[in-house]
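Engineer: Can you read through this structure? Questions will come right after.
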Amino acid sequence: MNAAPRSAALCCWLFRGCCAGCTSGSKPMNNRHQPRPKQSQILDYSGGWMGVSAVPGSGKTYTLSLLAAQIITGGLIGEEQEVLIVTLVNSAVDNFASRIGSFVEQFGLMRDMNYRVRTLHGLAHDIVRERPDLAGLSDRFSIADDRDSDEIVKAAVSGWIRSHPEFLLEWTNPAFNLQKNSDLPRKWEDLLVKLGRAFIRQAKDLQLSPQQLRDRLNNTNYKHSLLQFGLDIYEAYQRGLILRSLIDFDDLITLALSVLMTDSDYLQRLRHRFPYILEDEAQDSSRLQEEILRRLAGEEGNWVRVGDPNQAIYETFTTASPEYLRRFLKLNRVKACDLPDSGRSTASIIHLANELIRWTMEDHPVEALRNALTPPFIRPTPPGDPQPNPPDDPNEIYLFLKKFSPDAEIKAVVDSLKRWLPQHPDQTVAVLVPRNERGSKVVNSLKNAGLPVIELLQSSQTTRQTAAALEKILKSLSKAADSRLLADAFKEVVRFLYADNTLDNAVVQQAAQLLVTNSFPENYLYPRVETNWLDELHAHQDLPPQVIQILEDFALLMRRWQQAILLPIDQLLLTIAQDIFREPTQLALSHSLALLLGRTAQRHPDWQLPQLTEELGAIARNERRILGFSDEEPGFDPDEHKGKVVVATIHKAKGLEWDRVYLMSVNNYDFPSAQGFDHYYSEKYFIRNQLNLEAEALNRLKALANGELTTLYLEEGIATQQARLDYCAERLRLLYVGITRARRSLIITWNTGKNTQGGENSPALPFVHLQKFWEEYRREISI
């Protein structure tokens, strides 16, 4: 099909009818609709640089896919060229590829021709793979996965702590004694592993190698323990990668940019291959990712960036920033457009979301946070739109300022769902939480209430239950004289060992209670003729035979495991798992857990069973995930789970929508507002002076990279204060994302919880304002 008929065919398709001069013979496609005026403005694009701010539910994926199809079918590219669509995650790659393929197929063109959809990391991989020589790599280079990177960083941190004991003394809160607080070493290691990762990621984003950083530091004669720590870990990490012949994902970005900067001929070939670049989720781009696309597009090229700065919620734990998109939109050469019309939510929910933007911009008590949310405001779709907003009902918005304890908040939500779910089996519903740990508790309560649950959390309930069972068994083995720990282990063993039997729960509870009241567990596990606890029970109590039987079975297992306690931790764990688990998933998880603890034991040869057991506890509490057992569901579609409760973090919920949404834990710990009474997740209680060590370290790293010596010598705490503002801004956007997941009904609650200093939380400041605003609005419309 030549350019003119292809363009005419597209015109017929978009506007349902035949155009003057159309020679394609195409029939109108009544399943397509007239684009909204703002969509048409974007679809009128034919070249140059364009930026689009798209509100939640505005159809940006549809519009961008349609634009790609228009470029392909409109004769704007040659047969050997491709439209390059770049997005953030793999699931979006599949979505874009499917939509564009469907569009172009309807014109008789072949699917998967003349376009390529890639993530930014996937694109970088393509570039490096084509020219590994320019990146200084062999043709057979490999990429480190999360497990590889995690293992290298943890090993480096463990070794560094052992050789620098003065570091912990320098930064630990004097109120805490490292020797007397047994859990502090593990918490310190977790914090430093996180800090090490962040330092490495930032250094690579600054395009500085360990040696370059070392030279700069030596030239300044400046010494600081945080910089020294970060640099040492960075050097050890890079050595670990080299020894394994690996590069990591951050290397991919820096090396891809290096290739483009080194070979102008190769860059020109890529520009010819990809004459049009369409970028989705541009608010989540980093400096280097933006620079790669800028070079690929060229000053005279065609580059469309679509995103929503109000949904930039990854800034505090990546090198991404919405400022890059905001600056792009302000460039004189950029055609800046909005996609403000959204048919996702009711008018009331839109009104609430817009009020959050307005209040932030005009009335937030901290002026530095007033640019956290910006226009465009969301507009309901116009009359006659094929995606009309759901019927409005202001009564379907509930903002509860009632003071809940954490458990009471969960109970209130579960009770509400027990009433609502049977009456709405054909609707979707989600419970959204700010953190994974909170989500796992919600899941447990929902399952205990008999409600169907779908999880979108860091780890699944199967993972947590498997880890919890093994943790409790190991705890009992490490403290054999503790009757209560023995009873806890017993309940876990029985739950898995008799999973296929109809064992009465009352029998299990009775047996467990007997174990708790036994002051001498050795008389049960290793009985002698004169002190056989089970014989005494049988003789003096009228017990069901099943109670005696399951207690005998458990004693046999515990004796076997206690005999194996001298084995390496990974072998001990596998021995236990093979005795109690039957499901392949549980056995596979146990194998991963055994590998994890085996590596931990190698890094910490001085750790005993109690410390190693605590590693399992972190996974059971959903504080940590098992690499390789991610529960991320590519292409998750809430509409496929009607009548079930989806539990997700707000981060995982981005891009999704449900008829009813419960937004939990909206307090001043999870959503601080830079007030004097707020507390911050990154300011750990065991660190002196409420410092954010990651912020302090990265601020000095940037100053060193930029040659800003005065910043290097600024007093500590200034970076922590700035990090607070950055975090508060991001949490305002996270609250906005949570609100805009709801189609018809929205419920927001908060709990007192515990902050980093052990005190009670209060409702988040924006939540307090929205609740007051909504009450006044309800009174106005009822008059």
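Cβ coordinates are placed from backbone N, Cα and C, and glycine is handled just like the others.
These came from TrEMBL, pasted as-is:
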BINDING   A54, V55, P56, G57, S58, G59, K60, T61  ATP binding site
DOMAIN    33-346  domain 'UvrD-like helicase ATP-binding'
DOMAIN    364-655  domain 'UvrD-like helicase C-terminal'
Engineer: Relative to the Cβ position of V55 (ATP binding site), how many further Cβ atoms are located within 10 Å?
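Structural biologist: Result for V55 (ATP binding site): 26 neighbouring Cβ atoms inside 10 Å.
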Engineer: For G57 (ATP binding site), list the number of other Cβ atoms lying within 10 Å of its Cβ atom.
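Structural biologist: Around the Cβ of G57 (ATP binding site), 21 other Cβ atoms lie within 10 Å.
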Engineer: What three-state secondary structure does DSSP assign to A54 (ATP binding site)?
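Structural biologist: Strand, per DSSP.
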Engineer: Taking every residue in the domain 'UvrD-like helicase C-terminal' (364-655), what is their average pLDDT?
Structural biologist: 86
Engineer: Taking the centroid of the Cβ atoms of A54, V55, P56, G57, S58, G59, K60, T61 (ATP site), which other same-chain residues have Cβ within 8 Å of it?
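Structural biologist: So the extra residues in range turn out to be T63, D308, L339, S342, R344.
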Engineer: Using all protein chains in view, find how many other C-beta atoms are within 10 Å of the C-beta of K60 (ATP binding site).
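Structural biologist: Other Cβ atoms found within 10 Å: 21.
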Engineer: On the three-state reduction of DSSP, what should I expect for T61 (ATP binding site)?
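Structural biologist: The residue in question, T61 (ATP binding site), is helix (DSSP, three-state).
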Engineer: Which is it, of S58, T61: the one of these binding-site residues whose Cβ has the most other Cβ atoms within 10 Å?
Structural biologist: S58
Engineer: Using a 10 Å radius around its CB, how many other CB atoms surround G59 (ATP binding site)?
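Structural biologist: Cβ-Cβ neighbours of G59 (ATP binding site) within 10 Å number 22.
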